[in-house]
Every structure is written in structure tokens, then in C-alpha cells.
Amino acid sequence: MSTGTGADAQPLSYTISRDEFDRIRDTLRTQEGEIRGLKERGARLPALALPTKFSGEASKVHVFRRQCQAYIEARHAEFPQEEVKVAWIYSLLEGPAANWATALFDEASMHLSSAQNFLNHLKATWGIEDNLEAAGHKLRRLFQGDRPLSQYIAEFRVLAQNTGWNDVALRGQFREGLNIKMQEEISKVDPPNSLERLIDQCLRAEVMLANRKQWLRGQSGRAGVKPPAPVSIQPRPVWSPPPPAPYPRGSEEEPMQLGNVRCCRDVAEKIRCCREDPPPTFKPLLVLRERGPLCQRMSSQKKARRSLGGGVLRGDGDGRGGWRKAGRGSQRPGVERLANPVKNPTQEPQTGVLFLLVVTLWSAKKGPVMIHAMIDSGATNNFIDREYADSLGLQYHDFKNARVVQAIDGRPLKTGPVSQWTEPTRMWIREHMEEISFFVTEVPHFPVILGIPWLTLHDPNISWTNRELQFASKYCQNHCLVVKVCHATDAEPIITLPKKYSDFWDVFNEKEAEKLPPHRPYDCAIDLVEGAPIPRGHLYSLTEPEQEALREFIESNLRKGFIRPSQSPAASPVMFVKKKSGDLRLVVDYRALNNITKRNRYPLPLISDLLDRLRGAKVYTKLDLRGAYNLVRIREGDEWKTAFQTKFGLFESLVMNFGLSGAPATFQHFVNDIFQDYLDRF
């Protein structure tokens, strides 16, 4: 080695062995190959989109987890350590979810040890864990309606994976949820032996229906092509019931006989000779003809109670049902509406659109059950499917003379005459309640049909254009609104009071305490923290006595109108505590709701002050309010937040419950306002 300065400077030089030279050369070649491979792989990686940021919505937890896992798996080279993966997931959180994760970092939680643990803890905290019964209930309420088949399939698959049902049950439910056109199309071939084959069959049928519709439109648009002349086809007699009595020319026609004309004696003759189709929007399914004298004899009291809920309702044209809360700016505050399926009234009518309502029917086996009921102005009575009535445990009564059920063309149904009717059972639509009986038969597609007797009794205002139905008759106002609790028919117990209290007998009347109170300025308000996730609890295990007490509580409070069936996204569990008397008191576990509720700071009295006021007194009077908290209403619009879940269904309270964080302050405000003139004077 030689060195130099100035003009004599020489570059540094080293002498290495041949082996060392070969080793350095091989190392450089290997590194060049790795760099070249990384560049090629980087160029081939797809441009994956980042997962959508998650803020705490329970319905989006599953999608967010899957997106994060897929992204990390596809780009694992960019995440060499678990800490990097956890930090990346944390960067995708915002709002309440970000605040929750920040607390985990502050306390160095073990849930941050790996990305998988972090995602699992995120699901456990923010996800919705539906039990099998709840998932099955949602699946049974799923209908295709007028939606594309692909949307129905996607929603069905999401719900089916959480039910635990076998393939046979899923096939039957999938077929039951299809619309009428699709069911008719797939009924032409042998049923498949698996759900996947059934779905493939329906997809092919949808393509065939679309092609057929397009071809028919093309045929009708050709110039000079005339439609075929109508052919008169006489119905083949199945059996020979007595023919219906002809309508006299000048007599009053049978009400709501759709399509009836003067030249024909009845609907059956009209269809056979005139060949005019019934109106497309509402297709009458059942027409009842009497065979023998009318034998259904019910008391006038039961007849008077046949009514159906109230409010303003809109028919669910897509067959899915469901209530949607009206906005605060709605012209009808507090009105619950169903989606209007008619997008453009000027287009050709859709024959598959029906007038459906979501009603709640009381079952002795299952408690309250939500079902779809079809409003049919062509049905001469109210009908329920026999199989569905059996599942509800309804009691039957036999007719002395069976009734013949005919289709609109006059042919008797293959199911035979109607020979039974149900014991009156309770039915709700929101605040409206009735007791109603049904004729038992085999009803296709819909478990319940409400016909002319129901329409006549309630006399609803119907807007066929908007598919809106409103119960505004005097009968509904007096008998159907549970807000206006009717006086009991049983004799009220005699109240014995000291003479000095005789002027206040109504205060001690138990029946008066069972009335739903009106809304007041001190209604119980439930204001939630902005952005907080809606609480969802789990069912608590109850003993046999507690289950019996729960059933009695639900039946009693439904009758009083203190609670109602709910479709709220919130759900709190219930439990029981023992009173001093040994009786059970139901308490809703509102701890999750209270954690996100803004506090009511109305002052409560100090116990020490109360004891000071009693010091030196000689006479003491105890005033025990009957159902004290039930004297205060939940603020209108906040009822859904009080929803509690039981094995009998989901309910929401219209009166203040034990367990709400704002209940003591609200009740103190209520009492102080009433006794303002007497506070600290006695």
C-alpha cells in the first residue's frame, strides 16, 4: 500500500485473495437478484384499497375485520412485526372506536399483543352477537318482494350463516320468501335437493322471466299484430256445492266485489263470460259463500272488540315489512310508516304489489309474534293459515255448517270448505290493539288475510295512490287506542276509606292507576351522547318462577298500554329482584344505556335534611304511591331507547322504568312540581 500528498497523491489500493474476491462477488450477485425480485413482485401487487375507516357501527364490524385481514395477508411484507399491524389498524379507527382504542394503548392492554387479538377484541366490544333464535326470527321475516333476486340472495346468505339451520330448513325458508312470480316459475320443475341448486334454479328462472317479458313487449309493439281473441273456458267442476243465489237487478250488490258489472250475476259468471282481469294491484284471494245458515254466534262484546291498531300506515309493497320512524320534520309527528314501493305511478301497474302490514299477534306458546298480514278487499272474511295457527297454539271452534271457500272465478278451493274458526286472540299495530277471530284454512303465501269484515268494522281512510291506511273512525278512537284504556267490565272492588278521606276516593282507586298517563312537561327524557354506539345486551337466564312472573308482567302491561312490541335497534336485558314482601319486581338492566345517557342534574333531597324535618314530630303518615314510576311517561320519541328483550320478544316502555339513570331526578321533579305549595310547610 502506498500513500502520498499533493501532486504525488496515489489512490488507495488493496490486495485480497482469490477466495475473498469470489465470496464478495457472489454476495453482490445474490443481493442484486433479491432487489430485482422485490421490484418485480412490487410491480405485480394489485392496488388494494384501504379498508373503510371504522367509527363504532355494530353492523360494520364484520366487514372491517375481514378487510383488515385481507389487506395484511396480501401485503404481509409491509408488516414485518405485530406492533406495525396493530398500529396500522389503530390508524383506521375514528370517533368512539378511536377513543376506545386509545384507552387500550394508555393502559398497555394485552389485547394489543397481536393484530388478531386486537381485531377479536374489537369484534367482542362493538359487534352484534345475535343468538340463534334472533337470527332465525329475522330470516323468517325476510321476503323478496319486488327487489332483484340477487339482493334477496345476498341478504338471505348473511342471515342464514347465523341461524344454525340445516339445508332442508334453509331451502324451505328461501322458497317461502320468494315472490309469487318466482314461486310459480320454479314450481314447474322438480325441486332441487340442496340450497345452492335451488338458488341456481331461481337465477336461471329470473333470466327466463326477463327474456319472456322483453319478448312480449316486442310482440305487442309490432304494427299490425293483433292480440288473440279471448276464449271462453268453462271451469272444470271439482265438486258440486249449491250455486250462489243470483243478484237481483235492482238489489244492492255484495260489497267490494271487484270488477262486478251489471250484465253478470256474480263475479264467477263475469270472469267466465267477460274475461276481464281483476285490478292488478290488489288481487282478491278468497271469497266466502255460505252453505247452510250462518252458525257463527259470538257475543256482541267480542264483535265490538274486533279492531286493528291505529295510526297512519303505509302498505309494504316489497313484502318485507318493517317500521320506519318518521322524521322530526314530518307533517305527522310520531307516525310510523312503511316504505312506499310505487316509484312512478305513470308506469305500467305491477301485478306483484300487495298491501301488507306488519302486525303483532299474541301466541300462548311464543308470546307476541310479528307477522305480515295482507289487506284484501276481495276476501269476505278474515283468514289465517292452519299450519301457522297451529304453530301459535290458537284454539279452534267448529262450525255447525261448513262454509265453502271459492276463488274469484267461482271455483271452490281444493282445500275444501272452512269448518273452524279461532278463539279471539289479541293483535297490535303499535298503540292500537284488538281481539280478532279468523277462519282457519290453507292460505298461500301470507299467514293472515284481513278482509271485508275487518275493513267494515274499522272503516279506515285508504289512499290507494300513496298506499296509505289511516284509522280515524270513532270506533277505533274508542276501542282500539290502548292510550285510551277502557274501563274494566268487571265490577270495581269497594274501597273502604276513613270519612276524612272520602272526598279523595278516586286517588285510592286501583283501576285509575292502570291508565296510561298523558305526556307532561316532566316526561322522562333520554338524551344520548353524540356518536355513542347503541347498546345491545344478552338474555339473562331466569328461573321458572321468574319466567312466570315475566309472562304475567308482559300480559298485564300490554293490556294497560304501558309497553308495546318494538323493533328498536337497542335491547337491554331484564332480571328480577325480591321485594320486602317476597314478591318479584322486574328490573331492566339499563347499565349500558345509562353509560351513554346525559345526566339529569335535578337535585335530590338529602336524607339528613329529611330526618331533621321529622325530629320532634309525634304523628307520622306513610304515603305509598301505586305504581309511582308508571305515573310518568317516557318523552315522545325516546320510547325506542327503553327497549328490553325477553324470551317472548322485544318490547319498549311508554312509562318510566326502574333502572333508568334519569328516573330518580325526573320523579323528584314531578313530585316537587305537584307539591310546590306545600314543601317544608308541614
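Using the three backbone atoms N, Cα and C, a Cβ is placed for every residue, glycine included.
The model shown is predicted, which means the values in this text are computed figures rather than measured ones.
Marked as compositional bias 'Pro residues' by TrEMBL: 238-247.
Assigned with DSSP, the residues of the domain 'DUF4939' (48-132) fall into helix, strand and coil as follows: 58 helix, 2 strand, 25 coil. Marked as domain 'DUF4939' by TrEMBL: 48-132.
Secondary structure of the domain 'Reverse transcriptase' (577-681) per DSSP (helix as H, G, I; strand as E, B; remaining residues coil): 36 helix, 19 strand, 50 coil. Taken from TrEMBL, the feature domain 'Reverse transcriptase' applies to 577-681.
Annotation comment: TrEMBL describes 219-253 (among others) as region 'Disordered'.
Feature annotation from TrEMBL assigns region 'Disordered' to 297-345 (among others).
The domain 'DUF4939' (48-132) scores a mean pLDDT of 85 in the predicted structure.
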